Amino acid sequence: MRLEKEKELKSILKLLAPGTQLREGLENILRAKTGGLIVLGDSEQILKVVDGGFAINSEYSPSYIYELAKMDGAIILSSDLKKILYANTQLIPDSTIPTFETGTRHRTADRVAKQTGVIVIAISQRRNVITVYRGHIKYVLRDSSVMLGRANQALQTLEKYVAVLDRVVNNLNILEFQDIVTLFDVMTAIQRTEMVMRIVSEIEIYICELGNEGRLISMQLNELIKSVERDGIFMIRDYCQTDMDYDEIYRQIQEISSDDVLNLDFISRAMGYVGVPLVDTLISPRGYRMLSKIPRIPATVMDNLVKNFKELKEIMEASYEDLDRVEGIGEARARAIKNGLRRLREQIMIDNKF
């Protein structure tokens, strides 16, 4: 559920990742120091800005694109990247589109990407750099060894952040079962979850850019984060003001700047608490997060439980008969919920002692 721009960037990087035919062709052009301008798409919008050149209409191969890049013009690939359609073309985008790029090749690439919304790749002849444009996204591809170093460094940072998050969440677990949670405890847990997810998002971009070289990083990442984002969303559902859309709240929290996310007031405002003293305000969870930890409890049953009992405390104090009366819960499931919550509480208290 990360922001759309990040999702779009990841999808672009997957197309250009090491190990793909496209990336092999780009690396060949880079090593030859010829420079190049490549458009990934053949829609009507693109063909409107294409002038001159000649039709190739041949199967894509890294060696073909390398040879064609020796000519000055742009190369047009089909949308599925399987064919080279045109070579040595001139691109004539709308000159009124603003761009802050300097070289002719990069200015053209930026304008074409903004005008058509397709991926345009500019390979610098002098600086030996591959730059990718799409809409208002600009990304410079880096060497795999540099990316691996950055990814490993980010993983080490993530490990420390996850350790802090675990302590904060364990504390929240105990307070929830004792029904003495304050807004400060909740906002701290949500803040820590968001900080972890921001590092995760950064590492995911590195993994996309590394392609098949990022497998080990991906495995380590999955082992570290497990259900962090899901639990964070359940926290929002547990504590946001009634009738607020939790997806919208999560989106707002993601949009908070890196500096402002350190301030709990920004998070509490997104959750619907304005001008409320965080440390002194007690609040009870609805119970989504704890119920999600009980095996084989569908989302509809969780919704029905929260609708009927309002708070986790009430669900825990309900008898088997009370639970049985809730829609979607029979005798067996009532027992599973009651026993599941009891075991969860015991486990959390035991873990805290050690």
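Using the three backbone atoms N, Cα and C, a Cβ is placed for every residue, glycine included.
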Per Swiss-Prot, Gly73, Thr104, Arg105, His106, Arg107, Thr108 bind ATP; matching candidate in Leu47, Leu91, Leu141: Leu91
Additional residues around ATP, ordered along the sequence, whose Cβ is within 8 Å of the centroid of Gly73, Leu91, Thr104, Arg105, His106, Arg107, Thr108: Leu37, Ala74, Gly103, Ala109, Ala122
Site diameter for ATP, Å, by largest Cα distance between Gly73, Leu91, Thr104, Arg105, His106, Arg107, Thr108: 14
Cβ atoms near Leu91 (ATP binding site) (within 10 Å, other residues, all chains): 23
Composition by DSSP (helix, strand, coil) of residues within the domain 'DAC' (6-144): 49 helix, 41 strand, 49 coil
Neighbour tally for Arg107 (ATP binding site), based on other Cβ positions within 10 Å of its Cβ: 17
Close in space, distant in sequence - Arg105 (ATP binding site), Cβ under 8 Å, 6 or more apart: Gly35, Leu37, Ala122, Ser124, Gln125
